[in-house]
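Have a look at this one before I ask anything.
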Amino acid sequence: MDEVGRGALAGPVTVGVAVMDADVGLAPSRLRDSKLLRPAVRTELVPELREWAVSLTTGSATPQEIDALGIIGALRLAGCRALAAIAPEAWPDVVLLDGVHDWLTTPDTDLLSGLPGDPALTAGAAPVWDGPIRTIVKGDLTCASIAAASVVAKVERDDVMAQLAAEHPAYGWERNKGYGSAQHRDALVRLGASEQHRRSWNLGVPTR
């Protein structure tokens with residue numbers, strides 16, 4: 001499991017899940033961490049990864065959900081949505097999570113439980129993962145399943161940002177993917193924040 005879009009100023013955060021078993025065979029030869037691949041190669045890899053993996057899914061949380069839940073709660077929500085898309089027969093025994101921090105395990109005080117009246121924020125959140133988790137530092141470089149998850153999440157989110165860029169062309173999201181590039185920040189100063197911006201974040205402009 002890996003995430004894309006955590007540090008962006010706009011757009012969703014997306015989590016990819018690649019399920020493997022002992023019979024999947026060797027990974028596609030071009031598979032790397034998504035950040036090391038050209039966009040065209042990432043896109044070409046997705047069909048190969050779908051043939052190779054037992055299951056390959058994504059889940060996302062919107063900017064509004066990020067504002068309501070915080071980035072960790074939104075990552076958890078996106079991860080749960082990605083898990084919900086896995087067929088029961090492909091359900092994993094353990095989750096390998098890129099990085100140091102376990103953001104998937106539900107804490108004692110679950111942020112989602114504080115939003116019972118807003119189904120838009122909790123739709124698709126189940127099932128909650130309660131199995132074992134292993135965090136792997138630089139897992140997207142050393143673990144094929146995490147690298148596959150990073151590729152499918154990156155392709156999915158980049159496609160979304162390209163669609164949003166057509167609706168909001170001044171921010172340059174087709175290039176910066178919602179991150180804080182000079183063009184993006186300049187457009188924020190000139191135009192203010194859109195509904196696709198994470199308004200709880202420090203965007204450098206008034207957001208209310």
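Placed from the backbone N, Cα and C atoms, the Cβ positions cover glycine too.
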Of the candidates Asp67, Asp93, Asp98, which does TrEMBL annotate as part of the divalent metal cation site that also includes Asp2, Glu3?
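As annotated by TrEMBL, Asp2, Glu3 share the divalent metal cation site with Asp98, chosen from Asp67, Asp93, Asp98.
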So which one is it: of the binding-site residues Asp2, Asp98, which has the fewest other Cβ atoms within 10 Å?
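If we count Cβ atoms within 10 Å for the binding-site residues Asp2, Asp98, the smallest count is at Asp98.
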Enumerate the residues of the same chain, Asp2, Glu3, Asp98 excluded, that satisfy the criterion Cβ within 8 A of the mean position of the Cβ atoms of the recorded divalent metal cation site; list them in sequence order.
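Apart from the listed residues, the neighbours are Met1, Val4, Val15, Gly16, Leu97, Gly99, Gly139, Asp140, Ile146, Ala149, Ser150, Ala153.
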Give me the mean pLDDT over the domain 'RNase H type-2' (1-208), rounded to a whole number.
90
Taking DSSP three-state, what's Asp98 (divalent metal cation binding site) in: helix, strand or coil?
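The three-state answer is strand.
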